[in-house]
C-alpha cells in the first residue's frame, strides 16, 4: 500500500514526522508565524477547508490558529501538502540532522542539484538570446564610424559584413543629408556663397553663421604682402579698385587663432535643443572672434579712416573702451578669460563711419546690437528688482522696530502684580469661618427650639 501513495503525500508525511519530532528545548526553535503556517497547511491537507466555528475570546491561541487555517480558503489537499513540503525546504538547512531529517531528504531527493541545473540553463538561455539579438539586429548603430558590439573578438564573418553594410549606409545617408543642406542653402533667394577661406580664425565649419550676418563675405579675398587678409565691404555702391584698397581691413594671419567650440568633436546631435545650443555657442564664438581680431568695418559709405586723423579724437579711445567691455562680457559668458589683444597704434585701430563714433560699433547690425539691448534691458530689470527687494527689507525692518517698541510699552504699562498671599488655605478666610461657625449656630437654634417645645408641653 505504501508504494501506491503519491509522491507529494509521502513527502508530506515525512515532513510532518520531522516537525513532530522536534524537541521542545532543542537548538532549532521555529517562530510562531512559521508554526502557524505549518498548522494551517497541515489542517488543510488532512481535513480540507475550514468549516468549524471560530473559538471564543477566551481562547486567543485557538483564534489565531483558526484565522491561519481559514485564510487558505478552498485550497485543495494536494496543494496544501506541496506547500507544507516547500515551507519545510526553506528551513531544512537550519535544522539539525536527525534520522527523520535524513528520511525526509531521501524522500525529497537532491533538490539542490536541480536548482543549480535550472540556474545554469537559465544563464545559457539568456546568453543565447543575447547572441541572437546581436546577430539578428539589422539596424545597428554606428558612432563615429565604429559599430557597437558586445564582443568584437567573437564576431563571425556575417556579423562583420552586416556591420560594414550598416557603416556604408550611414555614410551614404550623411553625405546625402549634407548635399541636400547645401542645395537648400544655394536655392535661397538673395543668398551668396559663404567664404571658404579663414575669416578671423573661423574655418568653413562655421559658414552657416557667417551667412547669417547682413554683410556676406565673398569666397575670394585679396591678399597683400606681409600675409594680410583683406575683407572687402559689399555696401559700397561702386566696386572701385582704389576704393577697395582703401576699404580693405588688413590683419596679421599669425595673430589669428582657430576658435574651437565645445561641439566641434561632436558629430551627432541628440535633439533639436542641443542643435540650437550649438548654434548659440557658434554665434558667441563669431562675435568673440570679431572682437579679438580688431576688425574695423565701414558704414553705408564704406569709408575706413586711419587712426592718425579723427581716431585720436574720439574713435580710438571710445572704441578701445567699448571693445574691452564687450570682451569682458563675452569672457564672462563663456566662463574663460578674454583673449582680446590690446589696441595698437593709430594705424591698427580704425573708426567706423564718417562720424568717428566708436561706441556705436555693431549696434545697428547683426545680433550683436540686439544682444546688447537685451543685456541692457535685463540689467535694468534686475536693478528694479533689487530696489524693490531693498524697499521691502526696509519696510520689514521698520515694522519690526515698531512692534518691538509697542511690546516694550505694553510691558511697562502693565500694573504690578499683587504679592502672593500668606494664607495657607485655598479658600478665603470668611468661607473658612462660616464653615466652622455654622454647626454651632445650628446646634444653638435646635437647643432653643427644643426648650420652647418642652415649655409648651408642661
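Cβ from N, Cα, C; glycine included.
Copied over from Swiss-Prot:
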- 8-97: domain 'ACB' (DOMAIN)
- 177-195: compositional bias 'Basic and acidic residues' (COMPBIAS)
- 303-313: compositional bias 'Basic and acidic residues' (COMPBIAS)
- 322-338: compositional bias 'Basic and acidic residues' (COMPBIAS)
- 343-356: compositional bias 'Gly residues' (COMPBIAS)
- 430-450: transmembrane segment (TRANSMEM)
Sequence-distant contacts of the transmembrane segment (430-450), meaning Cβ under 8 Å and at least 6 residues beyond its ends, amount to none
Per DSSP, what is the helix/strand/coil residue tally across the domain 'ACB' (8-97)?
55 helix, 0 strand, 35 coil
Per-region confidence, the domain 'ACB' (8-97) (mean pLDDT, whole number):
85
